[in-house]
């Protein structure tokens, strides 16, 4: 039985192909049941499917790999030739290494992005829930998620924001260390402002308001965060209420002019306003940045910050590879141990049987009135002879057959030193 990571991602496949191969969320459970049922060599399976990758993680017999690809081409609208050109495979220790890198965000299009670890965890939880995760994937999931967490907590891979929205919120945190008492005004209601609102909410912002040209869109976004909403035409009048202003409207004209900002500062009695303009064309007049008590950052300022953060993440990714290597090595070791559990159990059971038989005989001797010292001596000899019988015969056979390699293993296994000088010293 081997572990296989099979799939395609943003590096190997176009968006169009990834869309066809992707598993909608409500298809995954059925797909897991079918792949285990329809591909004879597959014993365990999990599926992760995101916008950037679709991968199958399986415990299977190696000869089943072509059948797995054939099954995928039947289940999703994709040909086997397309899969052959765009897919990749990783086996056993390499599969563990690959999955750790995926879960830690080291293989992501946005280096270090945090969402992927939750997606990997959810993929394994789904497999467990529908009965397609057994001991092999169970062990693998524990090690990759634990190692990925170590990467994220013990390196800087996720500590430097590289999205415009997150960088804007991080700057706000640098200006105001505690956001719980601050009020934020967001200009626009599109995707970027939606991400800004999400990040602000996750950082405990005290209050938010959404201003947008189309009021219904502002209302919809505001409802997600129990925020206020307004028309863009109301911004100048209410600007003084807010400590943080972040704009991304797509308007052809500025929303916040220098005069409106100056009036707001006076009403705020010189309490500072932090502004981030991530719109092109600008939402906030450039002259606003000249005002005292206004901290204005533009998209160019954020780009410089993001570029520096990307460089820092790349450095962190290099150090993270040490954790990846250790995790993959641990999986290989633990997987081997797990596969030999049956042998270990049989070995212990055999020893316990010998112990029980010898102890039963000793108890009977005591009941007959045999001298306890003689009983203990017989028990000791009985246990010793029975426990060393098998290795003694193995040593004799190995010696007779010239199996020096087996004799060396037995020396290591039983910690026996056969060096004459060493034995002489021990006797003295």
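We count from 1, first residue shown onward.
Using N, Cα and C of the backbone, Cβ positions are placed for all residues, glycine too.
Residues or ranges marked as domain 'Glutamyl-tRNA reductase N-terminal' by TrEMBL: 7-155. Sequence annotations record features per position, and here TrEMBL assigns substrate binding site to 50, 51, 52, 53, 108, 113, 114, 115, 119. What TrEMBL lists as active site, nucleophile is 51. Under the heading site 'Important for activity', TrEMBL lists 98. Per TrEMBL, domain 'Quinate/shikimate 5-dehydrogenase/glutamyl-tRNA reductase' is recorded for 171-305. TrEMBL lists 188, 189, 190, 191, 192, 193 with the feature NADP(+) binding site. For 320-415, the entry in TrEMBL reads domain 'Tetrapyrrole biosynthesis glutamyl-tRNA reductase dimerisation'.
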(request) With DSSP as the reference, give the number of residues of the domain 'Quinate/shikimate 5-dehydrogenase/glutamyl-tRNA reductase' (171-305) in helix, strand and coil. (result) 59 helix, 31 strand, 45 coil
(message) Counting only residues 6+ away in sequence within the same chain, which have a CB under 8 Å from the CB of residue 114 (substrate binding site)?
(response) 105, 152, 158
(message) Restricting to the record's substrate-binding residues (50, 51, 52, 53, 108, 113, 114, 115, 119), give me the longest CA-CA distance in Å as a whole number.
(response) 15
(request) Out of the recorded positions 52, 98, 108, 119, give me the one sitting nearest to residue 190 (NADP(+) binding site) by CA distance. (result) 52
(request) Taking Cα atoms as reference points, rank the recorded positions 50, 51, 98 by distance from residue 192 (NADP(+) binding site) and give the first. (result) 51
(message) For a quick check of packing: other C-beta atoms within 10 Å of the C-beta of residue 193 (NADP(+) binding site), how many?
(response) 26
(message) I want the residues beyond 188, 189, 190, 191, 192, 193 whose C-beta is within 8 angstroms of the mean position of the NADP(+) site's C-beta atoms, in chain order.
(response) 186, 194, 195, 196, 221, 248, 249
(request) Express the distance between the Cα positions of residue 119 (substrate binding site) and residue 193 (NADP(+) binding site) as a whole number of Å. (result) 24
(request) Restricting to the domain 'Quinate/shikimate 5-dehydrogenase/glutamyl-tRNA reductase' (171-305), report the mean pLDDT as a whole number. (result) 94
